[in-house]
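Participant: Residues or ranges marked as domain 'Amidohydrolase-related' in TrEMBL: 62-399. What TrEMBL lists as Zn(2+) binding site is E143, H211, H232. Residues or ranges marked as substrate binding site by TrEMBL: A154, N235, A236, R243, H272, L328, S329, G330. The active site, proton donor/acceptor annotation in TrEMBL covers D294.
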Amino acid sequence: MPSNKSVSDAPIVQFTNCRILREHRLQREDLWVRDGKILNPEKLFFEEKGSADVQLDCRDSIIAPGFIDVQINGGFGVDFSLATDDFKSGLDLVSQKILSHGVTSFCPTLVTSPPSVYHQILPQITVRNGGAHGAGILGAHLEGPFISKEKKGAHPEHCLRTFEAGAFQDLLDTYGSLDCVQIVTLAPEMRRSSEVIQELTKRGICVSLGHSVANLSQAEEAVQHGATFITHLFNAMLPFHHRDPGIVGLLTSDKIPAGRRVFYGMISDGIHTNPAALRIAHRAHPKGLVLVTDAMAGMGLAPGRHTLGQQVVEIDGLNTYIAGTKTLSGSVATMDTCVRHFQEATGCSAETALEAASLHPAQLLGIEHRKGTLDYDSDADFLMLDDSLYVQATYIAGEEVWRQDVSGM
């Protein structure tokens, strides 16, 4: 029986023989998709008197929301912090390649750079939907340059800045424009940071705390002014101390405003965070954990020397260092690898691991009504995975955009 064309001419696709991640658990249900959205089958049957135009047998796969990476510096030889003539084609390349990792949306991330670099690059980043051309772009993540010299990590010291003279105007002058910006990472102990956090939040920009020597009360004050995220927890911040746990203490703070949740990024690559530290964070605040890759240009490339913004970095296996040092600088991990390592390190359920890369980043960005879930009327961005959480196929707006090339699939 054909679908009701008075509602939509788009074909209705029914994904059968699958387990869907919905409401925090895997449920044996079919997934219905029309016009790029998840469809409520009851409305289809009872209100439209419609049925599927196409049925697809998923062969007992898991179907989960597409992954969202809110911190990715580049990959496949492309560095988002380098103002090259072919910047847009590099961005397109990365967005296409990460489909195989299950990433359907991402925030291209710029590390600390000179103002001229922001002025050249930011106008070339536009929010756009994903598709066969690649993962969707949610907006830029600007990590620096308003960060601590003591905790600069791989960020070039000569490019660091403060905003104590003009506060928010200093930030605007540095970046040039905030039109495409989704996240700004800054150090909350910097003078006048409260004003800046409030101004960014007012504009709907997520403020993240990182590369910082802030104590807990400074971090709590930043959250009270609107900050909602912590950039790569444990990395580039004061280590946890029982008398002043620093930014890490936000995970169990009782000073978080009512109704607010603090999220924190974790690089679950087995290098940046010891599995025991990963378990401590997850057990302390499971609903705030957001998996990020922090991947740099070397992701997907052979070991050797590559760029990260203004620095040269060296890849040695899964380790990435500033060349000639032992300072960690971004990762070469892929999001699907991070999800599997997180599950293995914490012993959590498949549902929990998958939501840390989908639901939680969507909630952080306030887009959970359309991304990060398989709820009815949300965007049909989803993955087919096997029981070991290896990605078999990636779909954006209900269309297959990548499939594992395996005979018999």
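Note that Cβ sites are derived from N, Cα and C of the backbone, with glycine treated the same way.
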Participant: Which ones, of the recorded positions E143, H211, D294, have a Cα no more than 10 Å from the Cα of N235 (substrate binding site)?
Facilitator: H211
Participant: What is the pLDDT of the domain 'Amidohydrolase-related' (62-399) when averaged and given as a whole number?
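Facilitator: Reported value for the domain 'Amidohydrolase-related' (62-399) is a mean pLDDT of 96.
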Participant: Between H232 (Zn(2+) binding site) and D294 (active site, proton donor/acceptor), find the distance joining the two CA atoms and give it rounded to the nearest Å.
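Facilitator: Taking the Cα atoms only, H232 (Zn(2+) binding site) lies 8 Å from D294 (active site, proton donor/acceptor).
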Participant: Tell me, in order along the sequence, which binding-site residues from E143, A154, H211, R243, S329, G330 have their CA within 10 Å of the residue listed as 'active site, proton donor/acceptor'.
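Facilitator: Correct set: S329, G330.
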Participant: Which is it, of N235, S329: the one of these binding-site residues whose Cβ has the most other Cβ atoms within 10 Å?
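Facilitator: Output for this query is S329.
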Participant: Among H211, H232, H272, the binding-site residues in question, whose Cβ has the most other Cβ atoms within 10 Å in this structure?
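Facilitator: Counting every other Cβ within 10 Å of each candidate, the maximum falls on H211.
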Participant: Write down the Cα-Cα distance for A236 (substrate binding site) and E143 (Zn(2+) binding site), rounded and given in Å.
Facilitator: 12
Participant: For Zn(2+), what surrounds E143, H211, H232 with a Cβ no more than 8 Å from their Cβ centroid?
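Facilitator: Close Cβ neighbours, site residues excluded: Q71, G144, I147, G153, H155, T185, S208, G210, T231, N235, A236, D294.
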